[in-house]
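A.B. asks: After the structure tokens below, expect a handful of questions from me.
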Amino acid sequence: MAINEGAEILSEFSKTVDTIRGRLPAKLHTPLIGIVCGSGLSGLAASIRDKVEIPYDEIPGFGRSTVAGHGNALAFGLLGRDGIPVVAMLGRFHPYEGHPMSTVVYPIRTFALLGVKNIIITNAAGSLNPKIPVGTIVTIQDHLALPNLTGHLNPLLGPVLPAPFDTRFQPISTAYSFSLRKIAFRAAHELQFPRSALTEGIYAWVSGPTYESPAEGRFLRNQGADVVGMSTIPEVVAAKHAGMEVLVLSLVTNMVVIPDKYRSAREEVDAEIAGIPLPPVIEEEVTHSEVLEVGLAKGDDMRKLVEKIIELLG
Ligand SMILES: O=P(O)(O)O[C@H]1O[C@H](CO)[C@@H](O)[C@H]1O
């Protein structure tokens, strides 16, 4: 590995930043807040004013999202009463699409170099906790990242990047900003959301693109996770490494752990032989369309929450 590889990577980013700023009026050159829209949640950017959208394929270094419910542009503009400059990713890159980790986190590093200080990362997630139903928004307080621990998908693998990026051995014990998490709950209170609409919990990151088997869901639940998804954590790690304050909001779109979900083939055959009538069993499978439908139905709550958080931050 060349000794100056990190510096070379940084010079690629300066092309990206120059291209972006070349497309924006001066008042949008330095967004203070970054937003990442999860599956079905690109409506979060709906109330951005004086909006300028830049397609990903016109930005050097950016990939292209191939997932339904993800747009392919950055939206810059002003949000909230005080007109705070923001930038939103209308869709994200997931490792399961085949993107290298450097591409997955490229927009996050670009945000940092543009001046973003606070980032609000959203996603759609499955619930592992029977007490957290579909439609709940979860403020993430910590994570369980099996792909990071096994060493294959940590976004910090590779050369050390020069400043403003942090060291190689990045602590992430404080990655989920406590003050931003408090602001999220204050915002929900001001919006008069019912108490159950926003809760807190732990996100388990899996690589996907398969959804979890029931046993995998129970495994993650037994390890203390509340929701599960296939994104977000690489972005959190890269954002923390770039010095940003991070808030993650997960929208629960489906239940993964459903108690008593297992059918026993042996018991059913025994019952049939004994002539005991059995109740009909409906076997359920989660689909991405269902995930997107919940995003559509509840996306407006998420949008209001994000806007109120930004207002309180300003
Ligand atoms: O995390 P986001 O991008 O919101 O999307 C979630 O929805 C998809 C599965 O339906 C997966 O990509 C999962 O991570």
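Including glycine, each Cβ sits where the backbone N, Cα and C put it.
Per TrEMBL, the features are:
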- Ser39, His70, Arg92, Phe93, His94, Ala124, Ser231: phosphate binding site (BINDING)
- Glu212, Asn254: purine D-ribonucleoside binding site (BINDING)
- 33-269: domain 'Nucleoside phosphorylase' (DOMAIN)
A.B. asks: Whole number in angstrom, please: the longest C-alpha to C-alpha distance across Ser39, His70, Arg92, Phe93, His94, Ala124, Ser231 for phosphate.
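C.D. replies: Maximum Cα-Cα distance: 14 Å.
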A.B. asks: When a 10 Å sphere is centred on the Cβ of Phe93 (phosphate binding site), how many other Cβ atoms does it contain?
C.D. replies: 28
A.B. asks: For Arg92 (phosphate binding site), just count the other CB atoms lying within 10 A of its CB, please.
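C.D. replies: Here the count is 26.
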A.B. asks: How far is it from Glu212 (purine D-ribonucleoside binding site) to His94 (phosphate binding site), counting Cα to Cα, in Å?
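C.D. replies: Taking the Cα atoms only, Glu212 (purine D-ribonucleoside binding site) lies 17 Å from His94 (phosphate binding site).
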A.B. asks: If we count other C-beta atoms within 10 Å, could you say which of the binding-site residues Ser231, Asn254 has the fewest?
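C.D. replies: Least crowded of the binding-site residues Ser231, Asn254, by Cβ count within 10 Å, is Asn254.
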A.B. asks: May I ask which of the binding-site residues Phe93, His94, Glu212, Asn254 have a CB within less than 6 Å of any atom of ligand 1, listed in sequence order?
C.D. replies: His94
A.B. asks: Quick check: which same-chain residues outside Ser39, His70, Arg92, Phe93, His94, Ala124, Ser231 lie with their CB within 8 A of the centre of the phosphate site CB atoms?
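C.D. replies: Nearby residues not in the site list: Gly38, Ser65, Val67, Gly69, Gly91, Asn123, Met230.
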A.B. asks: Same-chain residues six or more away whose CB lies under 8 A from the CB of Ala124 (phosphate binding site)?
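C.D. replies: For Ala124 (phosphate binding site), the qualifying residues are Gly38, Ser39, Gly40, Leu41, Gly69, Gly229, Ser250, Leu251, Thr253, Val291, Leu292, Val294, Gly295.
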A.B. asks: With every protein chain in view, what's the tally of Cβ atoms within 10 Å of the Cβ of His70 (phosphate binding site), excluding that atom itself?
C.D. replies: 23
A.B. asks: Determine, to the nearest whole angstrom, how far the Cα atom of Ser231 (phosphate binding site) is from the Cα atom of Asn254 (purine D-ribonucleoside binding site).
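C.D. replies: Cα to Cα, Ser231 (phosphate binding site) and Asn254 (purine D-ribonucleoside binding site) are separated by 16 Å.
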